[in-house]
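First comes the structure, then the notes that go with it.
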Amino acid sequence: MGIRCSTWLRWPLSPQLLLLLLLCPTGSRAQDEDGDYEELMLALPSQEDSLVDEASHVATATFRRCSKEAWRLPGTYVVVLMEETQRLQVEQTAHRLQTWAARRGYVIKVLHVFYDLFPGFLVKMSSDLLGLALKLPHVEYIEEDSLVFAQSIPWNLERIIPAWQQTEEDSSPDGSSQVEVYLLDTSIQSGHREIEGRVTITDFNSVPEEDGTRFHRQASKCDSHGTHLAGVVSGRDAGVAKGTSLHSLRVLNCQGKGTVSGTLIGLEFIRKSQLIQPSGPLVVLLPLAGGYSRILNTACQRLARTGVVLVAAAGNFRDDACLYSPASAPEVITVGATNAQDQPVTLGTLGTNFGRCVDLFAPGKDIIGASSDCSTCYMSQSGTSQAAAHVAGIVAMMLNRDPALTLAELRQRLILFSTKDVINMAWFPEDQRVLTPNRVATLPPSTQETGGQLLCRTVWSAHSGPTRTATATARCAPEEELLSCSSFSRSGRRRGDRIEAIGGQQVCKALNAFGGEGVYAVARCCLLPRVNCSIHNTPAARAGPQTPVHCHQKDHVLTGCSFHWEVENLRAQQQPLLRSRHQPGQCVGHQEASVHASCCHAPGLECKIKEHGIAGPAEQVTVACEAGWTLTGCNVLPGASLPLGAYSVDNVCVARIRDAGRADRTSEEATVAAAICCRSRPSAKASWVHQ
């Protein structure tokens, strides 16, 4: 499941139709299907406009739409222009499309023009004009509008806020907060006792009509979802971040349905508010989900670049969250839902989404919160919307303590201090268990109590696909440093992994092999102040038994090892050794492999290797870094018949091998998981710890 892309072609305009259009009065007005009128200007084509009529002109833009047919909204399209397009060019492009359409007897309506979040415009038009629109100058792609949905069907506060922290107040002495949360949802009953005086109802309203001619808009029902979530975020009694200010933007109708375009306009509204009246830290809660949308993910990325923290529901479809937006946006903190037993939420035949796009889970089952039935009523709701609201509240509390925290720091701290290994992973599909995080959110302690700790997380790539030349790429956030790269293949057929530069950013790339079923790249992404990293490469030695590489720059320490094979040789394939017996602190690989050492320098950075081996049959071996140390690199050392790969799970290195239950295995053939553990002590010098 994903997006389908296609390029549309239009047919040449007939001479008779062209003559008819030219005979029409220049200032005539056309009526669209909604009964609204729009000024259309018909004129002889200019030399520039006539270029589009050349048969040789081929559209370079692409057309995208939701993979779920029932969620599509044909006839409404977001025309996305190149990132560097200027405001005047956006207006000219929209006007040109109107002009070209009018010559062909079509009326289109420009519903909204985007300037502040991305260059583009929302247009209502016939699908017959898509081929024409794709040939417009500056157009990067066109995305058909689609639906998004609300994701909902006092143990929760006890779970995410430890008892010793519940007595602390995270707001200022007068009970206020400098953090503002924007909620994109249904309307809200702002007079409820839980949130009274804390909610600002904006004049923003961008929702589709409700389905069904007999639908009755009951105010309390229309406000239900938004009121409940507002109470979860900042309610007086049932809220997480008590005292936090909320701004309500209505993007979901009374049935809990909205559109991608309405959500985009809502995000741009927030950006405009930022520009007009800069304020303190902003958190945007997106308790909704629709099919994968490139433009919605891009809009989230652009808003995140301005310092806004976005928190999104993973979705309630018991499916891979990467297939939905905004959950799949890398710049969004994506939240799945658990119940009171810290297990994945089941909602009838569906349940919480999962997979590599989920950052962590939070309470999302039978959550007590404000009800819109009356100003003192309460009700329970379930879903990943409620889970996302909990994390939005936690983020607001963290920012209220330390407004300077960035998105990368917030995410890393949420991961570090989450409750780990409590979820029964058997609930998830087998192929998703290794990708899905086993973490439930809790409120982290203040930064003063944990300052200086090296923070790292694991980022998985999408699956590469099965072709022999297929690759997979995992990327860190711009603020993070890529300290190591590894790979994993369920078939074991892979040509290794390496760190390389793409578009000015270091990325982790994994290579599939002939006969392989695909591969994952696994990046270890860390926050390390004043770090300077470089990759040292050694090509295949060929003549010698091993290929060694080490950190030769002064004060640089080894944080990761990787290798790759230029020529496939599965019989000889082995992971790189992290050291030889006489020379610790270097990567040593097979003579036919190119070996890469990730070497970094930062004030007080010190690293060491920790190993654990099993001589008998084993499908996986693990080794963990001690308290105070952070895992930066993970490898499986030779000994297994065929290693499937290695990856980091929080602070644990996991080495996976194909079932190697041979009775004649010896201790020298033990499968070994090797972890590189580092810590940052700013007062000390960078060093390698010999063990």
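Yeah, the Cβs are placed from backbone N, Cα and C, and that goes for glycine too.
Between C678 and the candidates C607, C625, C634, Swiss-Prot records the disulphide pairing with C607. When the candidates C485, C525, C526 are compared with Swiss-Prot, only one is recorded as disulfide-bonded to C508, and it is C485.
Candidates considered were C456, C476, C587, C599; the recorded disulfide partner of C526 in Swiss-Prot is C456. Look at the disulfide-bonded residues C357, C551 and count other Cβ atoms within 10 Å of each Cβ; C551 has the fewest. Under DSSP, C678 (disulfide bond) is assigned to a strand (E or B) in the three-state scheme. Within the same chain, residues at least six positions away from C485 (disulfide bond) with a Cβ under 8 Å of its Cβ are A474, D497, R498, I499, C508, K509, A510, A521, V522, A523, R524, G560, S562, H596, S598. Secondary structure at C254 (disulfide bond), taken from DSSP and collapsed to helix, strand or coil, is coil. Of all Cβ atoms in the shown protein chains, 29 besides its own fall within 10 Å of the Cβ of C561 (disulfide bond).
In the three-state DSSP assignment, the secondary structure recorded for H225 (active site, charge relay system) is helix. C525 (disulfide bond) carries a strand DSSP state (E or B).
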